[in-house]
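These come from TrEMBL:
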TRANSMEM  42-59  transmembrane segment
TRANSMEM  79-99  transmembrane segment
REGION    125-162  region 'Disordered'
COMPBIAS  145-154  compositional bias 'Low complexity'
DOMAIN    208-283  domain 'EamA'
TRANSMEM  212-230  transmembrane segment
TRANSMEM  242-261  transmembrane segment
TRANSMEM  273-291  transmembrane segment
TRANSMEM  297-316  transmembrane segment
TRANSMEM  328-354  transmembrane segment
TRANSMEM  366-387  transmembrane segment
TRANSMEM  394-415  transmembrane segment
TRANSMEM  421-440  transmembrane segment
Amino acid sequence: MVQGAQVMPAEPSSAITDETNTSTMMNSHEDFQIGLNRSQKFTLGLVLLVLVDIIWVASSELTKYLYEEEAYQKPLFTTYVKTSMFCVYLLGFLVYSPWRDMCSWSSSNSYVLMDPNVEDTNYFTDSPPPLSEPTYVPLKRPECSRSTSKSSGTESDDSGVRSVRFSKLAEVRQMSEEEATAALMARLSYTASVRADQIARRAANKLPVSKVAWLAFTFCVLWCMANYSYQAALEYGDAGLVSLLSCAAPLFTLLLSAAIPSEPMDRISLSKIAAVAMSIAGASTVCWSSLSPSFPLGASLALISASLYATYLVSLKKKVPSEEALDVPMFFGFVGLFCLLGLWPVVAAFHALGLEKFEWPTRPQWAVMFLNGLIGTVLSEVLWLWGCLLTCPLVGTLALTLTVPLSFLADALLWQVQYPLRVYIGAIPMVAALIWAGFLSSPGANGERSAPRDPLARWILIGWNKLTSPRNSFSRYWCRAK
């Protein structure tokens, strides 16, 4: 009797499973971004920032209603509740399989991008064996199968009929992760392979869960301080003065981006200084009628809020240079978790020191806070940070200043408040500053952002050269006069 072993094909490795799950469970905005070039992503960022401005104006109206109509002036507790609502994004680990896969990935499952210009044999010179050590599993065969066979034609006629009995164990070997991924890529069509390569590059560039959580822990303090100082400035200071000083955020962003640039486009230029000056001049014109110098505490808190927002945004852009590297909803989910666990002692300390007496909100106050937090914080902050990563910190903070004229426009439309003409005239340079900054920071024709544009300095230099040229009549007259 002859015994044999049946070698069964290896089961698909986890690399194939992870790749398949990742490619099929990508969310809609990631699929949308893959097909966009740099210029289209920049335009999408501008649209998102303008949409966030509209949401924030509606949120400010809800905050005003909560403070004035509901008489619940608790900026710290309000900030704590709205920030803790970011925890809703952590539900993604339950319903979104790529997030769960990121938690279970080991270092051997990480994506490695191979250089297509290098010969394939270089990658397997010192590589481990492609198949694992054999394992033996019980072999399942139909009971009706017969284990008899006739003699082959190469044997002698007198050999008779031989009976062959196979082993009841099957030898199984598994492919390695690298081999399984390579086999999967080799079976794909050209279009599918290009798509899979884009997904692999995005996965390789994405920050792991541990680094996202660490970034959230680092920046949640800055974010909470910026939000609380702005809410407190609205309580202790004049609304017009607070709005005007909050428009200093682009100035802080410009200086910080020049000090710690994340890309060459962040370098300071005369054109960027002109854009910031236009924005501040427009905000001064809009808020001039409501300025009051009798609230120094509110003014100080507004400046602190503007500087903290600029620091938070520039530092995060330095840590995350690409919008594809950071999963923004996951980031804010961890921000909400850390604020939920770490900010309640601050609320208790403020209550004990008498800085803000804690009062349990009524049901209508809870409803206003929940609606304001869900739309004005949970949704808008994610869209704002996403738009800032798609564009640049300066454009993001300049778009933030548009909430000032939009809030005046909302009061005029909703509450029939009459404002002087200079309010609407002042909005023109603010919008122009955002468009000008967008032009300066937008990618070039090749989609790259290698160096900042400075057309204002170039125009001044051209004008000076023409003015001092010997062919200029004014220059000749000036030389003869001397």
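Going from the start of the chain as shown, residues are counted 1 onward.
Cβ coordinates come from backbone N, Cα and C, glycine included.
Any TrEMBL annotation is an automated prediction that lacks curation.
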Same-chain residues at least 6 beyond the ends of the transmembrane segment (366-387) whose Cβ lies under 8 Å from its Cβ atoms: 44-49, 51-52, 55-56, 58-60, 62-63, 65-66, 70, 78, 81-83, 85-86, 88-89, 316, 323, 328-329, 331-332, 396, 399-400
Two-stretch contact, the transmembrane segment (79-99) and the transmembrane segment (212-230), at least three Cβ pairs under 8 Å: yes
Contact call for the transmembrane segment (273-291) and the transmembrane segment (212-230): at least 3 Cβ pairs under 8 Å, seq gap 6+: no
Among 212-230, 242-261, 328-354, 394-415, 421-440, stretch most in contact with the transmembrane segment (297-316) (C-beta, under 8 angstroms): 242-261
For the transmembrane segment (242-261): best-contacting stretch of 42-59, 212-230, 394-415, 421-440, by Cβ pairs under 8 Å: 394-415
Stretch contact, the transmembrane segment (394-415) with the transmembrane segment (42-59), Cβ-Cβ under 8 Å, 3+ pairs: yes
Other parts of the chain folded back onto the transmembrane segment (328-354), taken as Cβ under 8 Å at six or more residues beyond its ends: 76-77, 80, 83-90, 92, 99, 209, 212-213, 215-217, 219-220, 223-224, 378, 381-382, 385-386, 389
Contact set, same chain, for the transmembrane segment (212-230): CB under 8 Å, 6 or more residues outside the stretch: 75-76, 79, 82-83, 242, 246, 301-302, 304-305, 308-309, 311-312, 315-316, 319-320, 326-327, 330-335, 337-339, 342-343
Residue distribution over DSSP helix, strand and coil in the domain 'EamA' (208-283): 64 helix, 0 strand, 12 coil
